[in-house]
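Submitted below is the structure of interest, expressed as structure tokens.
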């Protein structure tokens with residue numbers, strides 16, 4: 001009798017189908033952001049960088065719980081802007097001293113990872129490219145030139161005694177009480 005109760009058949013319930021269309025992607029496709037020489041400025045007041053949180057008993061979304069730079073990035077994606085421009089550098093030719101590969105930067109110094117030409121022909125070698133000098137890869141000889149983009153951010157006007165620190169800290173993201181960024185559109 002006990003064995004019979006343990007082995008009794010359990011009715012199999014049909015699994016309720018769930019559609020993936022119920023999950024909404026609020027961000028615009030990153031392919032819509034085109035690369036041009038013009039930049040779009042989006043101003044985000046400081047109070048919008050604080051999370052509002054979710055209603056009691058609900059699970060917060062990313063935009064409801066994100067704060068600071070993460071929230072600024074999500075708000076940028078809602079407007080179709082990649083504020084950190086995380087796309088890889090397009091190297092469709094070998095950069096030479098006469099025709100180097102341009103590297104856009106909001107700072108006067110940038111580190112560039114060279115993987116060779118054709119792409120992935122050698123391990124990644126990191127180059128220090130500055131506004132006043134080109135960077136040349138010791139492995140493949142590809143030359144990179146810094147294209148400094150002055151975004152005109154106020155608020156950080158003083159110089160640092162160490163030139164390396166001043167190169168990185170001129171500009172910045174925080175401008176007074178507002179966070180501003182410029183990105184390709």
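Note: Cβ is positioned from N, Cα and C throughout, glycine not excepted.
The feature Zn(2+) binding site is assigned by TrEMBL to 114, 122, 137, 140.
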Under DSSP, is residue 137 (Zn(2+) binding site) helix, strand or coil?
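In the DSSP reduction, residue 137 (Zn(2+) binding site) maps to coil.
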DSSP three-state call for residue 122 (Zn(2+) binding site): helix, strand or coil?
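Where residue 122 (Zn(2+) binding site) sits, the three-state DSSP reduction gives coil.
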Considering the binding-site residues 114, 137, 140, which residue's Cβ sits among the greatest number of other Cβ atoms within 10 Å?
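Comparing the binding-site residues 114, 137, 140, the most crowded Cβ belongs to 114.
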What are the sequence-distant neighbours of residue 122 (Zn(2+) binding site), meaning same chain, six or more residues apart, C-beta distance under 8 angstroms?
115, 116, 139, 140
Given the recorded Zn(2+) site (114, 122, 137, 140), which additional residues of the same chain have their Cβ within 8 Å of the Cβ centre, ordered by sequence?
115, 116, 117, 121, 125, 138, 139, 141, 142
Is residue 114 (Zn(2+) binding site) helix, strand or coil when read with DSSP?
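DSSP assigns residue 114 (Zn(2+) binding site) to strand.
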